[in-house]
Amino acid sequence: MTNIAVVGTGYVGLVTGVALSEIGHKVTCIDIDQAKVERMRRGESPIYEPGLDELMTKNIQAGRLFFTANHAEGFTDKDVVYIAVGTPEKEDGTADLRFINQVAKDIATNVKQDVVVVTKSTVPVGTNDHILSVIKEHLVHNVDVQMVSNPEFLREGSAIDDAFHGDRIVIGADAGYAGDMIEDVNEAFGIPVYRTDVRSAEMIKYASNAFLATKISFVNEIANICEKTGANIEDVASGMGMDGRIGHQFLRAGIGYGGSCFPKDTKALAQIAANHDHSFELLEAVIRVNNEQHRSLTNKAKEAFGSLKGRRIALLGLAFKPNTDDMRESPAIAISQELLLAGAEVVAYDPIATENAKRVMPEGVTYVSTAEEALRGADAAFIVTDWSEIKSLELRAYEQYLKEPYVFDGRNCYSLEDVASTSLNYYSVGRKAVVNGKLVETV
Ligand code: UDX
């Protein structure tokens with residue numbers, strides 16, 4: 001059992017803290033937001049993540065999981081401090097290290113015993129060295145501080161499962177005992193550990209996210225060519241994925257990636273490269289392709305209708321992916337902007353993310369509380385997020401409620417054969433369109 005503090009209770013920090021307590025460590029999660037701390041003490045997660053509330057409650061009751069807004073109290077008697085604060089994107093695409101720097105100073109002024117500092121936040125290569133120098137500069141007591149880079153690979157919506165069944169735990173440490181200690185801390189997860197130096201660990205995180213984003217943009221470009229050549233992206237991706245060197249994952253064509261990681265980390269890595277006089281052309285293209293992919297549904301609707309002026313569009317799903325209320329960089333934002341710019345009226349429905357959506361979506365979008373309400377009287381439906389509730393919506397609901405039988409499906413939720421037996425005009429990604437019951441090439 002190790003005494004651990006986790007600073008920052010956003011997605012990464014909270015899931016990390018809860019998971020570490022579940023494997024037997026005594027964990028104190030620190031956050032500056034007192035109201036949030038109160039909620040978490042009651043076992044209420046501030047984020048929507050399946051299974052998290054239950055695990056929090058269990059470990060609070062077991063006396064292994066604590067929450068505090070008081071840094072001095074949080075750092076008392078801790079052998080390990082995890083940094084899990086945000087690294088938002090600055091205007092030039094680089095990571096904003098304001099919160100990281102503040103935590104470094106807080107650690108320096110509060111720790112009274114030797115401590116290993118573990119960085120979970122995604123930070124540019126070299127940041128751990130920078131954190132250590134800030135800590136050493138402000139250190140009040142004569143203690144030893146060592147750094148470990150331990151990037152997270154959790155996916156929102158399945159973060160709990162990923163925490164206990166991830167593919168690897170990356171531990172980046174230079175000389176000293178810190179790497180061994182963090183390997184011990186993680187032993188009970190039973191997940192393969194990969195040891196490397198600090199800078200390589202920092203790079204593994206960026207390179208992994210950039211590679212996955214590249215797979216998505218690649219398959220989206222193949223989908224765009226499928227549409228022009230009459231091929232079917234679902235079959236193409238399945239056939240490609242059977243090659244073990246390629247694999248099936250992250251080959252789902254759609255409306256482009258969103259979320260808190262891929263958009264931010266791809267831009268940050270391109271910027272890191274630029275700062276070192278290297279132009280990362282491939283990654284720049286991945287980002288451009290993704291931005292363009294956000295427009296694909298609207299482009300199809302414009303083609304089908306001629307003009308979208310005065311058309312009422314039902315947006316089904318707003319979150320950047322299912323099983324999360326996270327709206328960060330959701331394609332729904334860009335899609336709504338495009339639609340409003342084209343003079344359309346936007347009526348939106350999401351099972352969970354509506355309150356978060358209201359904060360980041362453009363002005364002028366109307367929100368409703370059921371899919372049927374969104375569809376009723378609309379000229380077209382746009383399927384944006386493949387929530388299981390939305391995927392399982394019967395095709396006859398569209399026939400029944402839409403004014404015009406047009407469905408633009410950004411997540412390929414329905415089989416073309418099923419749609420062909422309805423009266424719907426259906427446009428999806430990388431597949432033939434269905435018009436008047438017939439499969440047609442879109443160009
Ligand atoms: C991602 C990484 O997977 C995770 O390892 C890292 O720690 C954080 O970033 P997350 O953003 O939660 O996780 O979601 P993920 O499931 O990876 O999806 C990201 C985006 O890509 C979503 O918008 C999703 O819809 C899109 N996506 C994913 C596709 O369009 N096609 C795919 O095949 C897979």
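Every residue gets a Cβ built from N, Cα and C, even glycine.
Bear in mind that TrEMBL entries carry predicted annotations, made automatically and left uncurated.
Database features, via TrEMBL:
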- D31, K36, T87, T122, E156, K264, R328: NAD(+) binding site (BINDING)
- F153, L154, R155, E156, K205, F250, L251, R252, A253, G254, G258, K321: substrate binding site (BINDING)
- C261: active site, nucleophile (ACT_SITE)
- 314-416: domain 'UDP-glucose/GDP-mannose dehydrogenase C-terminal' (DOMAIN)
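Taking each of the binding-site residues K36, K205, K264, R328 in turn and counting other Cβ atoms within 10 Å of its Cβ gives the largest count for K205.
The binding-site residues close to K264 (NAD(+) binding site), defined as a CA atom within 10 A of its CA, are G258 out of F153, R155, K205, L251, A253, G258. With helix defined as DSSP H, G or I and strand as E or B, the domain 'UDP-glucose/GDP-mannose dehydrogenase C-terminal' (314-416) counts 35 helix, 18 strand, 50 coil. Annotation: T122 are the binding-site residues among D31, K36, T87, T122, E156, R328 whose CA atoms are within 10 angstroms of the CA of K205 (substrate binding site). The CA atom of T87 (NAD(+) binding site) is located 28 Å away from the CA atom of L251 (substrate binding site). Ligand 1 lies under 6 Å from the Cβ of R155, C261, out of the recorded positions R155, A253, C261, R328.
Binding-site extent for substrate: residues F153, L154, R155, E156, K205, F250, L251, R252, A253, G254, G258, K321, maximum pairwise Cα distance 24 Å (rounded to the nearest whole number).
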